[in-house]
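S.K.: Quick one: the structure is below, questions incoming.
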Amino acid sequence: MIEVRDLHMHFGGFRAVDGASLTLEQGSITGLIGPNGAGKTSLFNCIAGVLTPTSGQVFFDGEDITGLKPHELFHKGILRTFQIAHEFGSMTCRENLMMVPAGQSGETLWNTWFGRKRIAEEERALRAKADEVLEFLTISHIADLKAGEISGGQKKLLELGRTMMVDAKMVFLDEVGAGVNRTLLYTIGDAIKRLNVERGYTFCMIEHDMEFIKQLCDPVIVMAQGKVMATGSASEIMQNEAVIEAYLGTGVKNKKTEEAQ
Amino acid sequence: MDILNALVAFTNFVVVPATAYGSQLALGALGVTLIYGVLRFSNFAHGETMSFGAMVVVLVTGLFQSWGLSLGALPTALLALPFGILATALLLLLTDRVVYKFYRKVKAVPVMFVIVSTGVMFVMNGLVRMVVGTDDRRFSDGARFVINAREFKAWSGLNEGLALKTTQVITVVVAMITVAALFWFLNKTRTGKSMRAFSDNEDLALLSGINPERVVMITWLLVAALATIAGTLYGLDKSYKPFIFQQLLLPVFAAAIVGGIGNPLGAVAGGFVIAFSEVTLTYAFKKVVTYLGPDSWAPDGLVQLLSTDYKFAVSFAILIIVLLFKPTGLFKGQSI
């Protein structure tokens with residue numbers, strides 16, 4: 001579905017992404033892991049249009065989408081969330097969700113004055129959809145709170161909710177679980193799984209929590225020093241010596257040795 | 001002791017003029033704040049934008065007057081206002097296309113935009129001078145007073161007169177309607193919400209279904225309307241002087257910043273704070289004090305805190321105090 005070919009992203013002399021190639025299969029939930037500074041977020045930013053890669057190409061269903069702007073990708077159904085949750089702080093959570101769909105008739109000045117009925121109908125439908133999304137994410141009770149005032153974990157859920165307001169095809173989640181308590185993490189995990197199964201979203205997620213990865217992701221891609229180091233199922237990855245060395249650390253290795261003994 | 005006379009004198013010389021002036025500043029500051037909120041730079045050309053809008057209104061008013069078109073007791077300028085807004089909108093959209101768009105594309109830093117807008121200011125200033133020269137123009141017609149000082153004295157039997165100019169009433173009424181319409185637009189319509197979303201978080205707005213170019217265009221249209229109305233009201237209240245708008249830029253910016261730049265509600269509040277401080281500090285309180293105290297206390301001096309020559313210093317002082325103690329303004333705006 002998404003194919004990245006030999007992508008380079010250099011900041012001056014620093015090679016954040018140094019020739020990464022990977023494929024994200026339709027309908028999969030791909031985990032992207034790796035130590036800090038491995039180039040995961042830079043890779044995300046290149047695919048999501050925030051950065052223009054130094055070289056290399058990104059394809060979406062065979063179409064070259066390298067260097068397209070975020071809002072152009074949005075119209076193709078490629079969405080992302082941020083490592084630090086973004087929100088429209090002065091609006092309510094419901095309004096935040098209602099902002100997402102593009103091409104609403106209320107966007108032109110003409111309709112603002114002369115198409116009020118159509119706008120009202122659209123808004124009703126949107127409102128119902130937003131409420132449904134909030135329900136799905138089990139955060140109906142915060143619908144009328146200002147998005148700037150809700151907790152960090154709830155903001156993460158709201159970010160996920162944004163992707164549900166349109167028919168997304170491909171969603172990039174940047175550390176959706178970071179700084180979120182266990183219970184909420186399960187809610188998020190459930191939501192991701194349901195979106196994947198029920199609505200056919202394809203996910204690619206950066207994550208550090210190996211338990212969370214193990215539950216959700218297949219395959220898992222490991223990045224280190226700007227390159228793809230290994231690809232495989234979560235359990236394969238956790239057995240991989242090189243990955244343990246580079247990322248998972250000797251803690252896992254020792255545990256394994258202990259278990260073996 | 002004569003409290004009533006003192007009150008009338010105070011109302012006549014401070015409250016009424018400051019309210020009218022505050023409304024004009026509020027409208028000007030709203031334009032500045034909208035540009036800051038959505039386009040993220042301080043538009044120094046805003047004063048000249050007001051000047052340009054008012055100029056077109058003055059010219060169209062002249063044309064209408066020569067045709068014998070009028071609104072009776074109301075000034076003809078109100079009829080010419082839509083044409084002024086239209087011309088200003090075209091000018092701003094053209095400026096955006098020719099100048100600002102390029103800097104947005106190369107993602108120029110805000111200070112670059114400020115310098116660019118200063119350049120635009122000089123161009124607009126020259127444009128206005130080329131079209132109408134530098135002379136004063138009076139263009140208000142219709143009834144001059146709603147309440148006449150002499151009639152008021154005869155009616156109330158007081159020594160002090162209270163005058164209420166038609167232009168002052170129109171200023172306040174038009175400003176109220178404009179502000180109400182703007183707030184309705186920003187809070188209730190999808191377009192307005194897109195603007196607020198863009199102002200809240202540009203990155204996220206780009207990742208939603210918000211078309212940035214359209215948001216920018218609509219912002220300029222609103223700014224054109226606000227600037228033209230503000231400039232015209234200021235000109236109606238006093239007279240149209242092409243040069244005065246460069247001086248007006250300071251109190252307008254002070255109002256926007258004092259209220260909390262990027263926050264429309266703050267711009268309105270800031271406008272009145274600046275106007276009332278300016279007028280109160282430069283008013284000679286001799287009359288009021290004389291009425292209030294016993295006869296023997298009547299002051300010899302003017303009891304004026306600041307000479308009117310220093311009125312722009314007042315906005316400067318308030319600006320500095322606010323920036324020192326509350327950099328985000330009275331209402332929470334963006335910090336500068």
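A Cβ is built for glycine as well, from the same backbone N, Cα and C atoms used for every other residue.
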S.K.: Please identify the range among B:20-39, B:260-279 that TrEMBL labels transmembrane segment.
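M.R.: Within the set B:20-39, B:260-279, TrEMBL attaches transmembrane segment to B:20-39.
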S.K.: Compare B:20-39, B:106-128, B:168-186, B:215-236 by their Cβ pairs under 8 Å to the transmembrane segment (B:51-68) and return the stretch that comes out on top.
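M.R.: Of the candidates B:20-39, B:106-128, B:168-186, B:215-236, B:215-236 scores highest.
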S.K.: Count the Cβ pairs between the transmembrane segment (B:168-186) and the transmembrane segment (B:20-39) that lie under 8 angstroms and are 6 or more residues apart in sequence, then report whether there are at least 3.
M.R.: yes
S.K.: So if I exclude everything within five residues of the ends of the transmembrane segment (B:215-236), which remaining residues of that chain have a CB under 8 angstroms from its CBs? That is, six or more out.
M.R.: 20, 23-25, 27-28, 30-31, 34-35, 38-39, 43, 46, 49-54, 56-58, 75, 77, 81, 84-85, 88-89, 91-93, 96, 104, 137, 139-140, 167, 170-171, 174-175, 178, 182, 185, 191, 194-195, 198, 205, 244-245, 248
